[in-house]
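TrEMBL annotations:
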- 1-22: signal peptide (SIGNAL)
- Thr225: active site, nucleophile (ACT_SITE)
- Arg249, Val250, Gly251, Asp252, Thr272, Gly273, Asp274, Gly275: substrate binding site (BINDING)
Amino acid sequence: MASSNLFVASVVVLFWSSTVLGQTSHSPVKYPLVVSTWPFLEAVRAAWRAVDDGSSAVDAVVDGCSACEELRCDGTVGPGGSPDENGETTIDALLMNGTTMEVGAVAAMRYVKDGIRAAKLVMDYTQHTLLVGEQASAFSISMGLAGPMNLSSPESIRKWVEWRANSCQPNFRKNVIHANSCGPYHPHGDASKVVGNSMDVNTDFNILEVPMPNSNQINRYNHDTISMAAGHIAVGTSTNGATFKVPGRVGDGPIVGSSAYADDEVGACGATGDGDIMMRFLPCYQVVESMRSGMDPKRAANDAISRIARKYPNFVGAVIALDKNGVHAGACHGWTFQYSVRSPSMEDVEVFTVLP
């Protein structure tokens, strides 16, 4: 059994004086810097237009993430992708204001396609940080977002049907008993419950044991979130999660400090990769705190990734780090990583490559 689809992408926008272009210092300029994990060019362009038009940091993040949701970046952002075991698409999203440290987030949200706008509603109109499930949907609709609607697409349904035809493999179950590869599943060691519920006593059953980590199953097309940071300073994420996840699964996308983090006194971070592993380490919080302690962005990024790799040498992931002066860097493990940058000195978005 191998895992599939756990990915986070990041966009970061800085409104302060910034040193731009890469991982070494350059002459500071009084303009914003936009950075995104992966070549999500249209998302970066949307965020850039927003900051260029004078929008706030938070609004620029929303515009950039919304562009990815509408475009269904890599099939794992926005509606129409990453079906769970039941064939349903759900949305996770986060928005953080690094000046006030306010956060709004939604997780496992059904029936509403606008994840980042829902997160903004949580930030703007509640004293809470995170709303989940159908109640997040009900709140978002009550505050004016479109819904309820079916978040599936012909592509996501086709993917799910093919997965079912392949005996529901790969999936995220472990240490369970099943009579059929597509379930129902019961805890290993509780065969009596299986017999009582769904099996004849003479029926053979199979055991799904702990899988060996398989980084070959994790890539940018099956583990994806857009995470964005803007201004003085805001960050945001949006994702439709892991393909064929156990229904109700929430990854690192809406978890502050994991997929993204920002503090205008220090800088910002965005992360991408195996969210179920990475969220155990809060890598973006670690990056920002390392920069607060004096590390440059490159060292801070490498340090956060190495902490995970020491415990999970087969994990796949990456982070981007930006300090408050606009110096940016990336670090990765298990794959070749790319991130996108737009600065005033560039005619268009440029893509940087980071090797493991």
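Backbone N, Cα and C atoms are what each Cβ position is placed from, and that goes for glycine too.
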If you draw a 10 Å sphere on the Cβ of Thr272 (substrate binding site), how many other Cβ atoms land inside?
34
Within 10 Å of the Cβ of Gly273 (substrate binding site), how many other Cβ atoms can you find? Include all protein chains, please.
34
Express in Å, rounded to the nearest integer, the largest CA to CA distance found among the substrate-binding residues Arg249, Val250, Gly251, Asp252, Thr272, Gly273, Asp274, Gly275 named in the record.
17
Other than its own, how many Cβ atoms are within 10 Å of the Cβ belonging to Asp274 (substrate binding site)?
28
Determine the minimum-neighbour residue: among Gly251, Gly275, listed as binding-site residues, which Cβ has the fewest other Cβ atoms within 10 angstroms?
Gly251
